[in-house]
Amino acid sequence: VSSQRVVLMDPSEDPDDILRANRSREKTFVLDVVFDHTATQEEVYVSTTKSLIEGVISGYNATIFAYGPTGAGKTYTMLGTACDPGIYIRTLGDLFKALEATEELDYSVSMSYLEVYNEVIRDLLNPSSGFLDLREDPRGSIQIAGITEVSTTNAQESMQLLMKGNKQRTQEPTAANQTSSRSHALLQVTVTQKSQRKETGEEVRTGKLFMVDLAGSERAAQTQNRGKRMKEGAHINRSLLALGNCIKALSEKGANRTHFVNFRDSKLTRLLKDSLGGNSRTVMIAHISPASTSFEESRMTLIYAHRAKNIKTQVKCNLQNVSYHINKYSSIIADLRSEIERLKARVKDQEKEKEKCAVSSSLGDMQEKHPGSEAHNGQVVNTLKEQLMGAFREQMEMRHSLMELENTTIELHIDTCRHLLMVTDWEREKAQGACKPAKEEKDANKEEEDSEVHIDSPEPHEIRVAREEINLLLAEQRKMVALRTELEQQLANAKERASQMEEFFPRQITSEDQQEVLRLLCRAHELELGNTELQTNTL
């Protein structure tokens, strides 16, 4: 063992066996950091997890999960003891310390804690809620229906919730481990931050931290499980096999790489979908045992750890630009206010005109001579009301459509910038000669069971995909610009038609009827203005 290298010795190797001299199973694995039996909890935490806290506060997702065979020390690493706490406790403590140091920002923290036991999900903070279902939202993210999410204000409250959940976790003794975890436990901490200023330049950042203590893979011959324990072990091995297959698929390179990764084989892989291949900074802490009887388990664990090292995730900040939406709604509100003021001014002008013009008795005579004129005027007023309201609704629908188009355009621009950044980084690394694979990694790859074919290509697969995505996104942006131009022209035409209708009213209806129609139009504008302000406040 060295700081980055693990040498796995073959316990069955006989130096005097000449026939098997070239079939040694001794392997060398190169990883980011390696710890031996003398490493402390503090050393493991500082080297693996502490650097992720700043990113979570800034709005990025992060995941830490412990992987390895049963009895290798995963729960000890994640949870620790009262005297020597593990990653859970240390992370929560440092997280709240960092949040308290950010005086210019408001923050809120919430927690949820669940376990996957026999392929069903249980809420450890509210066990009485029964089994929970996984749902997929329109963006492809996995949501847990009915999960309890508790707000916390300090590290002490968070640790109490953690202890409460751990008491509900399923643990049973086996021949290999007296306190064997029979389930996968996932602790999620969500940090939401926004500026204290109430001006329109506000931004909201949401970072999520996932800490996962996986159950250990086990063999029935070693654990001597029977009945219920054997069923639990089968479910554990099934989910870990699905996780291993996902890691293998995500780590493949060149011609061996597949576009499809089957995350749906188990509940565990569906929960870890974003952590493995999506929007998350992920740390895998692999645990192995020095015992010779655990050689096969240790070998497979190291193979999966080395494969996981080659997985590339696409990390992006979970940022909601509130100012953009507020500014768009503010422009609509300003237009509506000016329209209301103009219409109110016209109502006042009509009232003044009515006061100046005395109502002649001949008008009454005309109404008597034409008894159907009142009904006719009522029909005309109703028709004009409907036309006005239709024109108004048409304008509002066009305004909302314009906002949706602008939102879509911004999202396309962000995705384009992300792919351009990826291509730029690769070109810079290529220019600096930093893309040459390390010799040690080549040696480690040759020792894996499944040999990988490396094809020298001027561009990696992900860079070619990024260039294709850039072309598609630019074409989509041009399409959005054309749609926006067309919609703006339609809105201008609708405003012109509404203005012509208002000019046409005085020649069709009486002064009193005009006032009623104009009041109706003002009221409709005011209601829509109030609705728009409510939508703005929700942001």
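The backbone N, Cα and C atoms fix where each Cβ goes, and this holds for glycine too.
Listed ranges 57-88, 89-120, 473-504; the one TrEMBL annotates as coiled coil is 473-504. Counting every protein chain shown, the number of other Cβ atoms lying within 10 Å of the Cβ of GLY71 (ATP binding site) is 23. Only residues 6 or more beyond the boundaries of the coiled coil (473-504), in the same chain, are considered here, and those with a CB under 8 A from a CB of the stretch are 346, 384, 387-388, 391-392, 394-395, 398-399, 401-402, 405-406, 408-409, 412-413, 415-416, 419. The DSSP secondary structure for GLY73 (ATP binding site) is coil.
Cβ neighbour count within 10 Å across all protein chains ranks GLY68 highest among the binding-site residues GLY68, PRO69, GLY73.
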